[in-house]
Every structure is written in C-alpha cells, then in structure tokens.
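Pulled from Swiss-Prot:
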- 34-54: transmembrane segment (TRANSMEM)
- 58-78: transmembrane segment (TRANSMEM)
- 87-107: transmembrane segment (TRANSMEM)
- 109-129: transmembrane segment (TRANSMEM)
- 173-193: transmembrane segment (TRANSMEM)
- 196-216: transmembrane segment (TRANSMEM)
- 219-239: transmembrane segment (TRANSMEM)
- 242-262: transmembrane segment (TRANSMEM)
- 271-291: transmembrane segment (TRANSMEM)
- 299-319: transmembrane segment (TRANSMEM)
- 335-355: transmembrane segment (TRANSMEM)
- 359-379: transmembrane segment (TRANSMEM)
- 405-486: domain 'RCK C-terminal' (DOMAIN)
Amino acid sequence: MDADSINSFFLIGALLTAVSVLLSPMSSRLGIPILLIFLAVGILAGEDGPGGILFDDYSTAYLVSNFALAIILLDGGMRTRVASFRVALWPALSLATFGVAITTSITGVMAAWLFDLHWLQGLLVGAIVGSTDAAAVFSLLKGRSLNERVGATLEIESGSNDPMAVFLTVTLIAILANVGAELSASFMLISFIKQFGLGVLLGLGGGWLLWKLVNVSKLAEGLYSILVLSGGLMIYATSNKLGGSGILSIYLVGLFLGNKPTRGRHAILNVLDGMTWVSQIGMFLVLGLLLTPSDLLDIWLPGLALAFGMILFARPLAVWLSLLPFKSFGSRDRWFISWVGLRGAVPIILAVFPMMAGLPGAQLYFNLAFFVVIVSLLVQGASLTTAARLAKVELPPKPLPISRSGVEIYPKSEWEVFVYCLSESKWCIGEPLKRLAMPDGTRIAAVFRNNTLLHPSGSTCLEAGDILCVLGQEKSLEALSNLFSQAPETDEVSRFFGDFFIDTEVKLADLAPIYGLTLDDETGAMTVADLVALELGAHPVLGDQFLWQSLHWVVAGLYEGKVTNVGIRLPADA
C-alpha cells in the first residue's frame, strides 16, 4: 500500500465515520436503532451502493468485529451492577444455555425445510443466529429505566450466551467438515466446559489481577484506561487461545473492575464510552461494506419466513421453557424478554467461521445471518419502546443530575460532583440553603446563577435556573436527585405505580375498610410486607406487581433489597 492509498483509506474511513455520527440523530426521529444507521451507511458506501467500494476481506471484518465486540463488552461489564445478579443470574444463565440450544434446534429445523438443507446444515444456521447480541442489547437498553429483573436478565444473557453459540457453531462445522467422522460425546462435553469454565476462570481471575495492577500503578490519568483496555484484550485473547470464551471473559473483567473501588474509574469509563461508540460505528460500517445487498434478493422470501419464525416462535418458546423454574417472571416479563431477542454483530461474526473453514454453502449461511440481523434490528429494535410500554416493564424515568464526574482525591476515591439545574417546580426554590435536608456525607460545593459563581452561605436562597454542584457519593445519588433534579410527570408516576402509596408495615386489616378487602383471620394479621413476600417471593424489584382482591399492588420503594412501600392501582386504572 503506497502513501496515496493510505491517505485515501484515512479519508474514506474518516468521512464514513463522520457521516455516521452526523446521521445518528435520525435514529430517534425515525424510531430505528442507531446501529442500523451505521450499518446502512456501510451498505450505501459498499459495492451495490452509490459509494461503490468493493470490500470482501472476511478476515479483516472478523478482526475488526472481534476487537470492537471486546471493547463493547468491557464497557458493558463495567456499567453492570453486580447487585443485579441477585435477581437475574440464574434465569440469564438458563437462557444463555438451554435457551440458545432450543432456539438453535427450532431455527435449524425451519432453515433445513425452507432452504432444502441437510439437517446438520440447518442446525448450523440455527447455531449461527441462535444467540442474542451484546452490542445490540447494551446499545438499545442503555438509558432505559426497565424493571431490574427484566433488564438485568437481558444484559447478563447477552454477555454470557456466546459460549453456547460458539460451541454449537464450531462443533457443527467440525462435523460437516469431516463427514463420516464421529465426534465423541466426551470431546463435545469437554469443549463445552472449556468454553464456559475457562471463560469464567480467566475473566474473574484476570479481572482481579488487572484490578490489583491498576490500583498499585502510579500513572498519568489518561494511561489507566489504556492499561485496562490492553489488559482486558490480553485476557480476551488468552481465553480464546486456550479454548475458552473470550467474550465471556472480557465481560467478567469489566464486571469485576466496575464493581470494585478502582483507581481512575471515572476517567476509565469516560474513555471507554468514546471507544464503545467508535467500536460500534467501525464494526457496523465494516459489516455493511462486506454485505452485497443484491445477494439477498434470492433469499428474501424464505429469509423473511426464517427471521419471523425465529422472532415469533423459536425465541418465545425458548424463553418460556428456559424460565419455567423461575416463578418471579410474570407473563408480561417473559413476553418482553422474548421480543428483545436482538441479533447483531455476533451472528455475522459466527457466519464468517464456515467461510474461513471453506464449507460448501458458506455464502448462504453468511447471507442468512445478515438477513436475520437486519430484520431483527428493524422489527424488534425499532419496536422496543412500544413493546416495553405494552408489557409494562419500563418504569417512570428516575430523576438524575444533568452531569456527573469523578473527583480523584485519592486512589480508589468514590467521590463525585453531581450537577443539577433547579426548575420552578422544585419545593426548594426560595428556600435558604440551611433549610435543605441534605443526605449525610454530601455538600453543595458551588452555586451558579446567570453564568456567575456565587459565594453561598446558609442564608443564600435558591432560585429557578440555579446550577448546583453537589459533592457526594453514588449511594446518595437517589436522595440528591429527588431533592434537586427534574422529577417525572406526576401523571406518569401515578399511571404506573397508582395514586395511593402504602407503607409495607401497615396491616392489611387497617386497609380493609378503605379498599374493601375481604380478610380472614390469617390475612387480617398480615402486613403489606407479608403480602408482598407471599405473592412475589424473596427478591422483588421496583415495578413488580400482582393482582390481589381486584387491586393492582406495585412495588414502589426499595431499600437494601427490602420493600418499603407499594402503590395501589384501582381496577379502572390498570
């Protein structure tokens, strides 16, 4: 490659990236996933588009996609709270193993019938598209206030279901590439255990070593993110090299670092946020360039049948069977989890495996994977907001600061500055600072009014439009945000939680005359907390609800895993 070619490469790459960024606001206006915008830019720049760029280097696409996916999973792991594993780990693992196997089997049968394939080839197609995609799930769920059990289950499933898909794909390729040869059950079992076992072992062990290394190193602030990124990629590559799941490993590395007091944590997250955007853009641009849309015309009708068969039949059946042991999931939860079986980069990456192995029909597998991904993003991704509303799994948005940043006062510092803009509706307008009931361990560090820094004292009265900079820790974020930030509309809160909020220590007998409850001696002695435990089990989450005596009872407050109050919706409001 000469200097002119290199400059052309930089120019085209920068131009496509800039166009992707500038077109990204269209996703919210059109109601489509932003990943589809990036993919469309790549397709338009490709062989069949006005750009006319000829790109068919599957090895480069595989390299770029794996690198990008590793960064996305590292960032996603660092933003996942380990507390969510309390309610979502086992359901997510069931979906990541049994769910993938069931989806693969059903989709494989449909593929074999629709495309007149050998049943093993059909299963290979099912394995390729059988897992949900972490990049798509993290991207589309980011910023949404979903029921914790549902949201955490989807995120953990997407971060942990790739080992099963990779195991099935690699095993089926080995069988098809050596027709007549038998793969022993012990070999397959060992391969499966290596994928999961090494993935978990290297992820948690490597995460611990990397955490220790980061905290003992004295580096320039900008170097911590590079250390985490390079360390995560080393663990990812090592896991893959030894036969484990690098995808699972790097997700667990991020999870470990994100839930431990880590030096430079906020700076690391800021850098990873930008790197994740670059990775998503780069990955879907390259995959878009790789696709030749005209190749999809020959398979569009059976391809649609396969995609919708997976969306409407295979995925829902897999979800319902996988979640049978978990009674805490209601029918609405299961329906929404079924719908958010998003496919993205991972099926396309897996579809490259048969091409690199030189299998007959590999191009068909690749085109099918691409077709399924496009349909999934268009149908499931674009309707995600509507699906969440219909399933009633999206909570009213939590009040949050307009920005937050870390204060690296000392290693492992957990102090942050939260910035709030006061609206006219806040009760604290006109009140002196000394009358504010601030959470323990927090302090107003600065007040700005009309672009001017004030010198506040206890008698300083707050005005609408004031900007407050508050020093505190994440544990105080909810209380601070309730005090200062813009709260969701009252109608939105009452529509979800109901108009009446009841403390869980109240006895049902005291509520009976108010709400017309019919109680026997046993239920009359129960508190609301007893009723919630009876109906929802040991680990309820915010937004959980149940119907009892014609009233809808909704968990409206939690503290350290314990329900503190519930909302009551009357039948007419349900």
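Heads up, the Cβ atoms here are built off N, Cα and C, so glycines get one too.
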Annotated stretches the transmembrane segment (34-54) and the transmembrane segment (359-379) touching (3 or more Cβ pairs under 8 Å): yes
Long-range environment of the transmembrane segment (58-78) - Cβ separation under 8 angstroms, sequence gap at least 6: 134-135, 138, 155, 159, 228-229, 232-233, 236, 246-247, 250-258, 268-269, 272-273, 275-276, 279-280, 282-283, 286-287, 290, 345-346, 348-349, 352, 355-356
Close approaches to the transmembrane segment (109-129) from elsewhere in its chain (Cβ under 8 angstroms; 6 or more beyond its ends): 103, 165, 168-169, 172-173, 175-176, 299, 302, 305-306, 309-310, 314, 343, 347, 350-351, 353-354, 361, 364-365, 368-369, 372-373
Whole-number mean of pLDDT values that fall within the domain 'RCK C-terminal' (405-486): 83
Close approaches to the transmembrane segment (196-216) from elsewhere in its chain (Cβ under 8 angstroms; 6 or more beyond its ends): 163, 224, 227-228, 231-232, 234-235, 238-239, 242-257, 260, 262-264, 411-412
